[in-house]
Amino acid sequence: MKLGESLVLLSEGAVFSELFSNTRRPWLCLGDFNEILYHHEKIGGRAKDDYKIMAFREVMALCELDDLGFDGFKFTWTNGQANEANIQERLDRALANIHWALAGHDYGQALSKSLLFFEAQRSGYLPRNQRVQWRGNSGLNDGKISGVDLVGGYYDAGDNVKFGLPMAFTITMMSWSILEYGKQMGASGELGHAIDAVKWGTDYLIKAHPQPDLLYGEVGDGNTDHYCWQRPEDMTTSRAAYKIDPSHPGSDLAGETAAAMAAASIVFRRYNPSYSAELLEHAYQVALQRSVVIVWGWGMSRDKFVGDVVPTADKLFDFADKYRGKYDSSITIAQKYYRSVSGYADELLWAAAWLYKASNNAYYLNYLENNGDALGGTGWAMTEFGWDVKYAGVQTLVAKFLMAGKAGRHTPVFQKYQEKAEFFMCSCLGKGTRNAQKTPGGLIFRQRWNNMQFVTSASFLMTVYSDYLTSAGKSLRCASGNVSPAELLSFAKSQVDYILGDNPRATSYMVGYGNNYPRQVHHRASSIVSYKVDPSFVSCRGGYATWFSRKASDPNLLTGAIVGGPDAYDNFADQRDNYEQTEPATYNNAPLIGLLARLHAGHSGYNQLLPVQLPALKPIATNPKPATKPVVKPAPASSTSPIAITQKVTSTWVRNGKTYYRYSTTITNKSSKNLKNLKLYISKLYGPLWGLTKSGNSYFFPAWINSLAAGKSIEFVYIHSASPATVSVSSYNLV
């Protein structure tokens, strides 16, 4: 966006956050822009654009933004006119960094909670160090009727079925998160928990691949499971196991499983070398047999492969590539739940890319080049990335190979992969030729049913690609012009912030984070009293009658779960039967753990294109010593008042020697009646505020709330570098 266009937007009263990488934050303190602009124009003597620039500076000062490291944000005039090149340079720098300066979320806390969710999804015998105590052992006979041990793994979402394709994708993305941001996880004390989460999944995948040409892809029946509402510990539904083999192929399932095992093998290379080798052997098996024959035909020797894995590599990538077909044509019962719409071509390329990262074997680079056109890697320009469609993921990985100098003679083809990767990034930003849809609040929107899966996956790709570009000293090339890595990262951050509560509803879509989060999650285990509290058997249909239909908060807090999220207009209904919006899924959280680690611990200046070097594990999660917090005194309210106001500091950070605080303020209706027409007066507020509607000098309920029921609360937040603002009640009605 040009300087003149940016300032014109301001003068026309457009949402100021359009300047901030389309994050659409409601920067309330900028409401005085037009008044300041009018004042300067009355004085006269300069060009109109200069007045806008001057007003912009004063508004930044009003919002305390020039204390946040933008001391270079100065303007020069030549012959009475602003030097546009000089201003544009500083404006670009300010706009790229200002969003970071006002970050108010505790990403470390969110990371810890996000990892806890995976423990709530565990199937099998729970370990001694299980932290989610309301869960118990479950699925202990899985695989028994097929003569194989399939105990363990993860339930995918709010049901009790183990679906292989989304589970494998979950493990791939958790591993990728660790490989990119393991250092940050280590600094947060969460690397051990993240690795445990990966191993819980890979242990199961090893069991699910008992023979080179056989892979189990589902345990449980979605149809019978959805007929019942039971906690996992009480399951009476079918636990049949479904497989793929040469007569019933599933290249997409086998390819994704190979990718998961290959990615995880890199994670465990330092911590458990023998386990790493075992995973890589399975990855070869499930993905490469016919390909090995071709490799020898090219004259490659065995020592091109890792260790002594190759002699047994007649086995997942081979299986996927040799016996081609969609897994849901073989495991037809999965079609209603995880249909492979994109087919298997993307998974074959995805598996090859991860096998190259795991083995450094040039064979897989050749595979990516020779099959890039036929399998769609160089042709498909995507606007989504998830458990079904992997093209944007493989294109991002290949672009990394290219920027890291790994392409060699493959460069012309790999540049085509990169073009498609950048198409995806530009689409998400809204700067491409075919852009992703966004809600009015700025959230990427793909579909009503579990839209958050696309938000977290896309945001992860944007984050790693931003770091790749930074390491390579490059910028993103979009149809509307070049985009800096900082802007790409800032947009990804805005998506995370939306999830954590910076949205029109001031709702956190991570369960247990903040005060206003979903309480009636579409999740069998969390919605039924814990087996440890009440071991009474919950029957198939009895669960629906007693627990599913219960209009109350879940008895077990599903900490860290990312639910499906709002609709295309930022609307959300916290109701258990609203499965499209309130059901969580493991693949929602998997990309997010990397994002949160990156946002919490920063970048630290290392080259993201260099080989992975994970840190030593810390046995216990440690938290950085918090900054000294100001004393939060109760807001003025008498003990007999029907309205309670409480404030607390939820996050602190230091910028250029100045400490900033994020305050959470809760308004509770203590009366037995509905609270309406609430009018608040807030003084000593020196920064932006979210979650209330401002009119004049007063604040009112947000647009989506007409009244507050008895005993209910609402939350709003604000950020500034001072003690708590004074919040008082001006007027209200009880009806």
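Residue numbering: from 1, along the chain as shown.
Glycine too: its Cβ is placed from the backbone N, Cα and C atoms.
Database features (TrEMBL):
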| type | residues | note |
| --- | --- | --- |
| ACT_SITE | H522 | active site |
| ACT_SITE | D574 | active site |
| ACT_SITE | E583 | active site |
| DOMAIN | 643-723 | domain 'Carbohydrate binding' |
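Each residue of the domain 'Carbohydrate binding' (643-723) gets a DSSP state, and the totals for helix, strand and coil are 0 helix, 52 strand, 29 coil.
Between the C-alpha atoms of D574 (active site) and H522 (active site), the distance comes to 9 Å. For H522 (active site), the same-chain residues 6+ apart in sequence whose C-beta sits under 8 angstroms from its C-beta are G158, V563, R576, D577, N578, Y579, T582, E583, P584. Among the active-site residues D574, E583, the residue whose Cβ has the fewest other Cβ atoms within 10 Å is D574.
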